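Just below is one structure, and these are the notes that go with it.
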(Lines of atoms letter the chains of each structure in order from A and count residues from 1; the text may use other names and numbers.)
(Lines give C-alpha, C1' and ligand atoms only; values in the text may rest on other atoms or scores of the structure.)
Protein backbone atom coordinates (compact mmCIF):
# COMPACT_ATOMS: atom_id res chain seq x y z
CA UNK A 1 0.00 0.00 0.00
CA UNK A 2 1.28 3.46 -0.84
CA UNK A 3 2.22 5.76 1.98
CA UNK A 4 -0.08 8.66 2.77
CA UNK A 5 2.50 11.01 1.24
CA UNK A 6 2.52 9.09 -2.04
CA UNK A 7 -1.28 8.90 -2.21
CA UNK A 8 -1.70 12.62 -1.59
CA UNK A 9 1.11 13.44 -4.00
CA UNK A 10 -0.65 11.58 -6.80
CA UNK A 11 -3.95 13.30 -6.03
CA UNK A 12 -2.47 16.76 -6.35
CA UNK A 13 -1.71 16.89 -10.08
CA UNK A 14 -3.48 20.25 -10.37
CA UNK A 15 -1.11 21.67 -7.76
CA UNK A 16 2.09 20.74 -9.60
CA UNK A 17 4.22 23.26 -11.45
CA UNK A 18 5.10 21.89 -14.89
CA UNK A 19 8.43 23.72 -15.15
CA UNK A 20 9.65 22.49 -11.75
CA UNK A 21 8.41 18.96 -12.46
CA UNK A 22 10.26 19.01 -15.79
CA UNK A 23 13.52 20.04 -14.10
CA UNK A 24 12.96 17.30 -11.51
CA UNK A 25 12.74 14.82 -14.35
CA UNK A 26 16.00 16.06 -15.86
CA UNK A 27 17.78 15.72 -12.52
CA UNK A 28 16.35 12.26 -11.87
CA UNK A 29 18.49 10.72 -14.60
CA UNK A 30 21.93 11.62 -13.17
CA UNK A 31 20.60 10.85 -9.69
CA UNK A 32 19.51 7.32 -10.58
CA UNK A 33 22.53 6.52 -12.75
CA UNK A 34 25.32 8.13 -10.79
CA UNK A 35 24.34 9.15 -7.25
CA UNK A 36 25.53 5.91 -5.63
CA UNK A 37 28.51 4.84 -7.72
CA UNK A 38 29.85 8.29 -8.61
CA UNK A 39 28.56 10.45 -5.82
CA UNK A 40 31.58 12.76 -6.02
CA UNK A 41 30.52 13.76 -9.55
CA UNK A 42 26.85 14.37 -8.77
CA UNK A 43 27.34 18.10 -8.24
CA UNK A 44 28.93 18.50 -11.67
CA UNK A 45 26.19 16.48 -13.37
CA UNK A 46 23.45 18.53 -11.69
CA UNK A 47 25.34 21.72 -12.55
CA UNK A 48 25.35 20.79 -16.23
CA UNK A 49 21.59 20.25 -16.16
CA UNK A 50 21.01 23.71 -14.73
CA UNK A 51 23.47 25.17 -17.22
CA UNK A 52 21.43 23.69 -20.06
CA UNK A 53 18.14 24.95 -18.58
CA UNK A 54 19.71 28.39 -18.18
CA UNK A 55 20.60 28.34 -21.89
CA UNK A 56 17.05 27.33 -22.84
CA UNK A 57 15.63 30.22 -20.80
CA UNK A 58 17.96 32.69 -22.49
CA UNK A 59 16.90 31.33 -25.87
CA UNK A 60 13.23 31.71 -24.96
CA UNK A 61 13.75 35.31 -23.86
CA UNK A 62 15.43 36.04 -27.20
CA UNK A 63 12.68 34.37 -29.23
CA UNK A 64 9.87 36.01 -27.26
CA UNK A 65 11.39 39.46 -27.67
CA UNK A 66 12.10 39.16 -31.41
CA UNK A 67 8.98 39.11 -33.57
CA UNK A 68 10.93 38.00 -36.64
CA UNK A 69 12.24 34.94 -34.78
CA UNK A 70 8.79 34.18 -33.40
CA UNK A 71 7.30 34.24 -36.89
CA UNK A 72 10.08 32.13 -38.38
CA UNK A 73 10.57 29.47 -35.72
CA UNK A 74 7.15 29.51 -34.09
CA UNK A 75 8.14 28.99 -30.47
CA UNK A 76 11.29 28.39 -28.46
CA UNK A 77 12.59 24.93 -27.59
CA UNK A 78 11.55 25.49 -23.97
CA UNK A 79 7.97 26.23 -25.06
CA UNK A 80 7.93 22.90 -26.88
CA UNK A 81 9.38 21.01 -23.92
CA UNK A 82 7.11 22.70 -21.35
CA UNK A 83 4.01 23.89 -23.25
CA UNK A 84 2.54 25.68 -20.21
CA UNK A 85 5.69 27.72 -19.54
CA UNK A 86 5.09 31.42 -18.98
CA UNK A 87 7.13 34.53 -19.64
CA UNK A 88 10.63 35.09 -18.29
CA UNK A 89 11.21 38.78 -17.70
CA UNK A 90 14.89 38.29 -16.83
CA UNK A 91 17.60 35.68 -17.39
CA UNK A 92 18.08 33.28 -14.47
CA UNK A 93 21.64 32.39 -13.32
CA UNK A 94 20.57 28.86 -12.40
CA UNK A 95 24.06 27.39 -12.41
CA UNK A 96 25.28 29.77 -9.74
CA UNK A 97 22.01 29.47 -7.82
CA UNK A 98 22.32 25.68 -7.76
CA UNK A 99 25.85 25.84 -6.39
CA UNK A 100 24.71 28.23 -3.65
CA UNK A 101 21.75 26.10 -2.64
CA UNK A 102 23.81 22.91 -2.90
CA UNK A 103 26.22 24.37 -0.36
CA UNK A 104 23.27 24.94 1.99
CA UNK A 105 21.12 21.88 1.30
CA UNK A 106 23.77 19.27 0.33
CA UNK A 107 21.62 18.22 -2.62
CA UNK A 108 24.40 16.39 -4.45
CA UNK A 109 25.48 14.52 -1.30
CA UNK A 110 22.18 12.66 -1.02
CA UNK A 111 22.27 9.06 -2.20
CA UNK A 112 18.65 8.08 -1.51
CA UNK A 113 16.61 11.26 -1.93
CA UNK A 114 16.66 12.85 -5.36
CA UNK A 115 16.49 16.63 -5.94
CA UNK A 116 13.04 17.64 -4.77
CA UNK A 117 10.36 20.14 -5.67
CA UNK A 118 11.48 22.31 -2.75
CA UNK A 119 15.14 22.10 -3.78
CA UNK A 120 14.30 23.40 -7.25
CA UNK A 121 11.93 26.03 -5.88
CA UNK A 122 14.71 27.45 -3.70
CA UNK A 123 17.16 27.37 -6.62
CA UNK A 124 14.74 29.31 -8.82
CA UNK A 125 14.16 31.86 -6.03
CA UNK A 126 17.90 32.35 -5.55
CA UNK A 127 18.49 32.76 -9.27
CA UNK A 128 15.76 35.38 -9.50
CA UNK A 129 16.94 37.58 -6.63
CA UNK A 130 20.58 37.35 -7.74
CA UNK A 131 19.62 38.49 -11.24
CA UNK A 132 17.39 41.32 -9.98
CA UNK A 133 20.08 42.60 -7.63
CA UNK A 134 22.82 42.45 -10.25
CA UNK A 135 20.71 44.22 -12.87
CA UNK A 136 20.47 47.11 -10.41
CA UNK A 137 16.95 48.10 -11.47
CA UNK A 138 14.74 46.50 -8.82
CA UNK A 139 12.16 49.10 -7.84
CA UNK A 140 9.04 47.33 -6.54
CA UNK A 141 8.77 44.40 -4.11
CA UNK A 142 5.28 43.13 -3.36
CA UNK A 143 4.11 40.49 -0.90
CA UNK A 144 1.16 38.27 -0.24
CA UNK A 145 -0.16 38.50 3.33
CA UNK A 146 -1.16 35.18 4.89
CA UNK A 147 1.63 32.55 5.02
CA UNK A 148 4.04 35.04 3.42
CA UNK A 149 4.36 37.92 5.91
CA UNK A 150 2.50 36.26 8.79
CA UNK A 151 0.90 32.92 9.60
CA UNK A 152 -2.46 32.07 8.09
CA UNK A 153 -5.17 34.19 9.71
CA UNK A 154 -2.70 36.01 11.96
CA UNK A 155 -1.59 39.65 12.05
CA UNK A 156 1.80 41.32 11.70
CA UNK A 157 3.13 41.89 15.22
CA UNK A 158 5.81 44.46 16.07
CA UNK A 159 8.33 41.76 17.01
CA UNK A 160 8.00 39.82 13.74
CA UNK A 161 11.38 39.51 12.05
CA UNK A 162 10.09 40.32 8.58
CA UNK A 163 9.29 43.92 9.57
CA UNK A 164 12.95 44.85 9.93
CA UNK A 165 13.57 43.57 6.41
CA UNK A 166 10.63 45.56 5.00
CA UNK A 167 11.98 48.72 6.62
CA UNK A 168 15.40 48.06 5.09
CA UNK A 169 13.80 47.73 1.66
CA UNK A 170 12.08 51.09 2.13
CA UNK A 171 15.37 52.58 3.32
CA UNK A 172 17.09 51.24 0.21
CA UNK A 173 14.69 53.19 -1.99
CA UNK A 174 12.33 50.34 -2.86
CA UNK A 175 8.59 50.64 -3.25
CA UNK A 176 6.89 48.01 -1.08
CA UNK A 177 3.38 46.72 -1.66
CA UNK A 178 1.27 44.19 0.20
CA UNK A 179 -1.03 42.64 -2.40
CA UNK A 180 -3.53 40.65 -0.38
CA UNK A 181 -6.80 38.89 -1.05
CA UNK A 182 -8.20 40.39 2.15
CA UNK A 183 -10.93 42.56 0.66
CA UNK A 184 -11.60 45.30 3.18
CA UNK A 185 -12.77 48.62 1.74
CA UNK A 186 -11.77 50.56 4.86
CA UNK A 187 -8.33 51.38 6.22
CA UNK A 188 -9.06 50.31 9.80
CA UNK A 189 -9.08 46.59 9.04
CA UNK A 190 -5.68 46.74 7.33
CA UNK A 191 -4.29 48.87 10.14
CA UNK A 192 -5.41 46.18 12.58
CA UNK A 193 -3.83 43.34 10.57
CA UNK A 194 -0.59 45.30 10.03
CA UNK A 195 -0.42 47.17 13.34
CA UNK A 196 3.07 45.86 14.12
CA UNK A 197 4.46 47.25 10.87
CA UNK A 198 2.85 50.65 11.48
CA UNK A 199 4.19 50.89 15.04
CA UNK A 200 7.71 50.03 13.85
CA UNK A 201 7.39 52.54 11.01
CA UNK A 202 6.63 55.26 13.55
CA UNK A 203 9.90 54.52 15.35
CA UNK A 204 11.97 53.96 12.22
CA UNK A 205 14.63 56.46 11.21
CA UNK A 206 13.17 56.87 7.73
CA UNK A 207 12.11 60.03 5.90
CA UNK A 208 8.40 60.48 5.33
CA UNK A 209 8.94 60.01 1.60
CA UNK A 210 10.24 56.48 2.26
CA UNK A 211 7.25 55.62 4.44
CA UNK A 212 4.93 56.83 1.67
CA UNK A 213 6.40 54.14 -0.56
CA UNK A 214 4.45 51.52 1.42
CA UNK A 215 1.03 50.58 0.03
CA UNK A 216 -1.61 47.90 0.51
CA UNK A 217 -3.59 46.58 -2.45
CA UNK A 218 -6.66 44.86 -0.99
CA UNK A 219 -9.04 42.41 -2.60
CA UNK A 220 -6.15 41.47 -4.93
CA UNK A 221 -6.75 44.51 -7.15
CA UNK A 222 -9.79 46.36 -5.80
CA UNK A 223 -8.78 48.71 -2.98
CA UNK A 224 -5.57 50.75 -2.72
CA UNK A 225 -4.33 52.23 0.56
CA UNK A 226 -1.18 54.30 1.03
CA UNK A 227 0.81 54.71 4.22
CA UNK A 228 0.91 58.13 5.88
CA UNK A 229 2.32 59.54 9.11
CA UNK A 230 0.83 62.52 10.91
CA UNK A 231 1.85 63.76 14.34
CA UNK A 232 4.02 60.70 14.83
CA UNK A 233 1.18 58.27 14.10
CA UNK A 234 1.23 56.01 11.03
CA UNK A 235 -1.79 54.63 9.24
CA UNK A 236 -3.31 53.92 5.84
CA UNK A 237 -5.49 56.19 3.74
CA UNK A 238 -7.58 55.04 0.81
CA UNK A 239 -6.50 56.21 -2.64
CA UNK A 240 -9.39 57.13 -4.99
CA UNK A 241 -9.90 54.64 -7.83
CA UNK A 242 -9.62 57.44 -10.38
CA UNK A 243 -5.95 57.84 -9.41
CA UNK A 244 -4.79 54.26 -9.95
CA UNK A 245 -7.41 52.00 -11.54
CA UNK A 246 -7.06 51.41 -15.28
CA UNK A 247 -9.65 52.56 -17.79
CA UNK A 248 -10.31 48.93 -18.73
CA UNK A 249 -11.52 48.09 -15.24
CA UNK A 250 -13.61 51.23 -15.06
CA UNK A 251 -15.38 49.96 -18.16
CA UNK A 252 -16.32 46.63 -16.62
CA UNK A 253 -20.09 46.41 -16.40
CA UNK A 254 -21.36 46.37 -12.83
CA UNK A 255 -24.11 43.99 -13.90
CA UNK A 256 -21.47 41.51 -15.11
CA UNK A 257 -19.62 41.83 -11.79
CA UNK A 258 -22.81 41.27 -9.80
CA UNK A 259 -23.86 38.33 -11.99
CA UNK A 260 -20.44 36.69 -11.55
CA UNK A 261 -20.56 37.03 -7.78
CA UNK A 262 -24.22 35.98 -7.69
CA UNK A 263 -23.45 32.73 -9.51
CA UNK A 264 -20.42 32.06 -7.31
CA UNK A 265 -22.56 32.60 -4.22
CA UNK A 266 -25.28 30.25 -5.50
CA UNK A 267 -22.67 27.59 -6.18
CA UNK A 268 -21.08 28.00 -2.75
CA UNK A 269 -24.46 27.51 -1.10
CA UNK A 270 -25.17 24.44 -3.22
CA UNK A 271 -21.74 22.97 -2.48
CA UNK A 272 -22.19 23.59 1.23
CA UNK A 273 -25.17 21.25 1.10
CA UNK A 274 -23.75 18.76 -1.39
CA UNK A 275 -20.45 18.31 0.46
CA UNK A 276 -22.24 18.22 3.83
CA UNK A 277 -20.17 20.98 5.36
CA UNK A 278 -20.58 21.82 9.05
CA UNK A 279 -23.70 23.85 9.83
CA UNK A 280 -21.51 26.62 11.23
CA UNK A 281 -19.86 27.21 7.84
CA UNK A 282 -20.57 30.76 6.67
CA UNK A 283 -20.89 32.33 3.24
CA UNK A 284 -19.79 35.96 3.18
CA UNK A 285 -20.62 38.42 0.39
CA UNK A 286 -18.53 41.56 -0.04
CA UNK A 287 -18.52 44.39 -2.59
CA UNK A 288 -16.20 42.58 -5.01
CA UNK A 289 -15.86 39.10 -3.50
CA UNK A 290 -17.78 36.17 -2.10
CA UNK A 291 -16.36 33.41 0.06
CA UNK A 292 -17.07 30.40 2.22
CA UNK A 293 -15.36 30.36 5.62
CA UNK A 294 -15.30 28.05 8.66
CA UNK A 295 -17.57 28.97 11.54
CA UNK A 296 -17.28 28.71 15.32
CA UNK A 297 -18.69 26.06 17.65
CA UNK A 298 -18.72 25.88 21.44
CA UNK A 299 -16.59 23.02 22.75
CA UNK A 300 -17.96 21.95 26.15
CA UNK A 301 -14.76 20.05 26.96
CA UNK A 302 -12.59 23.13 26.39
CA UNK A 303 -15.23 25.53 27.62
CA UNK A 304 -14.78 27.95 24.71
CA UNK A 305 -15.57 28.61 21.07
CA UNK A 306 -13.39 26.80 18.53
CA UNK A 307 -13.14 27.06 14.78
CA UNK A 308 -14.73 24.23 12.80
CA UNK A 309 -12.19 23.64 9.99
CA UNK A 310 -12.97 22.51 6.46
CA UNK A 311 -11.11 19.58 4.91
CA UNK A 312 -8.35 20.46 2.47
CA UNK A 313 -9.88 18.18 -0.16
CA UNK A 314 -13.22 19.94 0.31
CA UNK A 315 -11.64 23.36 -0.20
CA UNK A 316 -9.97 22.21 -3.41
CA UNK A 317 -13.20 20.65 -4.70
CA UNK A 318 -15.04 23.92 -4.11
CA UNK A 319 -12.37 25.99 -5.87
CA UNK A 320 -12.18 23.81 -8.96
CA UNK A 321 -15.97 23.46 -9.23
CA UNK A 322 -16.71 27.18 -8.94
CA UNK A 323 -13.84 28.18 -11.21
CA UNK A 324 -14.84 25.68 -13.89
CA UNK A 325 -18.42 26.94 -13.93
CA UNK A 326 -17.48 30.62 -14.01
CA UNK A 327 -15.04 30.10 -16.88
CA UNK A 328 -18.02 29.17 -19.07
CA UNK A 329 -20.35 31.90 -17.76
CA UNK A 330 -20.63 34.83 -20.24
CA UNK A 331 -20.74 37.66 -17.64
CA UNK A 332 -17.64 36.23 -15.93
CA UNK A 333 -15.88 36.04 -19.29
CA UNK A 334 -16.32 39.80 -19.72
CA UNK A 335 -14.51 40.60 -16.46
CA UNK A 336 -11.59 39.03 -14.63
CA UNK A 337 -12.03 36.89 -11.53
CA UNK A 338 -9.89 34.76 -9.24
CA UNK A 339 -11.06 31.68 -7.30
CA UNK A 340 -8.62 30.41 -4.70
CA UNK A 341 -8.16 28.28 -1.61
CA UNK A 342 -6.93 30.47 1.22
CA UNK A 343 -5.83 27.50 3.33
CA UNK A 344 -8.91 27.49 5.54
CA UNK A 345 -11.49 29.12 3.28
CA UNK A 346 -12.39 29.68 -0.38
CA UNK A 347 -12.94 33.02 -2.09
CA UNK A 348 -13.94 34.29 -5.49
CA UNK A 349 -12.62 37.81 -6.12
CA UNK A 350 -13.22 40.19 -8.97
CA UNK A 351 -9.81 41.04 -10.46
CA UNK A 352 -6.52 39.31 -9.74
CA UNK A 353 -3.01 39.82 -8.43
CA UNK A 354 -1.62 40.44 -11.90
CA UNK A 355 -3.82 43.54 -12.01
CA UNK A 356 -2.91 44.45 -8.43
CA UNK A 357 0.82 44.39 -9.18
CA UNK A 358 0.34 46.22 -12.50
CA UNK A 359 -1.70 48.95 -10.79
CA UNK A 360 1.09 49.50 -8.26
CA UNK A 361 3.65 49.65 -11.07
CA UNK A 362 1.71 52.53 -12.62
CA UNK A 363 0.68 54.19 -9.35
CA UNK A 364 4.24 54.54 -8.07
CA UNK A 365 5.52 55.83 -11.42
CA UNK A 366 2.69 57.20 -13.61
CA UNK A 367 4.90 58.74 -16.29
CA UNK A 368 7.23 55.74 -16.67
CA UNK A 369 5.54 52.70 -15.08
CA UNK A 370 7.78 50.23 -13.29
CA UNK A 371 8.52 47.39 -15.70
CA UNK A 372 7.99 43.67 -14.97
CA UNK A 373 11.77 43.09 -14.86
CA UNK A 374 11.97 45.75 -12.11
CA UNK A 375 9.36 44.03 -9.94
CA UNK A 376 9.40 41.08 -7.56
CA UNK A 377 6.30 39.47 -6.02
CA UNK A 378 6.78 37.12 -3.06
CA UNK A 379 3.98 34.69 -2.28
CA UNK A 380 3.06 31.16 -1.27
CA UNK A 381 0.33 30.26 -3.78
CA UNK A 382 1.71 29.60 -7.25
CA UNK A 383 0.03 26.32 -8.20
CA UNK A 384 -0.93 26.76 -11.85
CA UNK A 385 -4.53 25.51 -11.89
CA UNK A 386 -7.08 26.83 -9.42
CA UNK A 387 -6.61 27.40 -5.69
CA UNK A 388 -3.60 29.73 -6.09
CA UNK A 389 -4.01 33.49 -6.40
CA UNK A 390 -0.30 34.41 -6.49
CA UNK A 391 0.07 32.52 -9.77
CA UNK A 392 -1.39 35.40 -11.80
CA UNK A 393 1.28 37.75 -10.44
CA UNK A 394 3.67 35.97 -12.82
CA UNK A 395 1.96 37.86 -15.64
CA UNK A 396 3.03 41.23 -14.20
CA UNK A 397 6.56 40.67 -12.92
CA UNK A 398 9.20 38.38 -11.46
CA UNK A 399 8.21 36.11 -8.58
CA UNK A 400 9.60 34.15 -5.64
CA UNK A 401 7.73 31.13 -4.29
CA UNK A 402 7.97 30.72 -0.53
CA UNK A 403 6.08 28.44 1.88
CA UNK A 404 6.26 30.28 5.22
CA UNK A 405 7.03 33.65 6.81
CA UNK A 406 10.37 32.19 7.89
CA UNK A 407 11.27 31.54 4.26
CA UNK A 408 10.28 35.11 3.41
CA UNK A 409 12.73 36.39 6.02
CA UNK A 410 15.52 34.19 4.63
CA UNK A 411 14.75 35.28 1.07
CA UNK A 412 14.84 38.96 2.02
CA UNK A 413 18.12 38.46 3.87
CA UNK A 414 19.60 37.05 0.66
CA UNK A 415 18.11 39.85 -1.44
CA UNK A 416 19.34 42.60 0.87
CA UNK A 417 22.81 41.02 0.99
CA UNK A 418 22.92 40.93 -2.82
CA UNK A 419 21.78 44.55 -3.06
CA UNK A 420 24.42 45.61 -0.55
CA UNK A 421 27.11 43.66 -2.40
CA UNK A 422 26.21 45.36 -5.67
CA UNK A 423 26.21 48.74 -3.95
CA UNK A 424 29.75 48.18 -2.66
CA UNK A 425 31.19 47.00 -5.98
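Note: Cβ is positioned from N, Cα and C throughout, glycine not excepted.
Just so it is clear, the model here is predicted, and its values are computed rather than measured.
In Swiss-Prot this protein carries:
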type	residues	note
ACT_SITE	144	active site, nucleophile
ACT_SITE	146	active site, proton donor
BINDING	104, 122	ATP binding site
BINDING	144, 146, 152, 180, 345, 353	IMP binding site
BINDING	144, 146, 380	Mg(2+) binding site
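Shown on the structure are the features that Swiss-Prot records.
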residue: 104; record: ATP binding site; contacts (Cβ under 8 Å, 6+ apart): none
residue: 122; record: ATP binding site; contacts (Cβ under 8 Å, 6+ apart): 101, 105
residue: 146; record: active site, proton donor; contacts (Cβ under 8 Å, 6+ apart): 152, 153, 154, 180, 181, 342, 343, 380
residue: 345; record: IMP binding site; contacts (Cβ under 8 Å, 6+ apart): 291, 292, 293, 294, 310, 315
Pairwise CA distance, the residue listed as 'active site, nucleophile' versus residue 353 (IMP binding site), rounded so that it is a whole Å: 9
Sparsest-packed of the listed recorded positions (144, 152, 380) - C-beta count within 10 angstroms: 152
In three-state DSSP terms, the structure that residue 146 (active site, proton donor) belongs to: strand
Assigned element (helix, strand, coil) containing residue 353 (IMP binding site), judged by DSSP: helix
Candidate with the highest Cβ count within 10 Å, taken from the binding-site residues 180, 353: 353
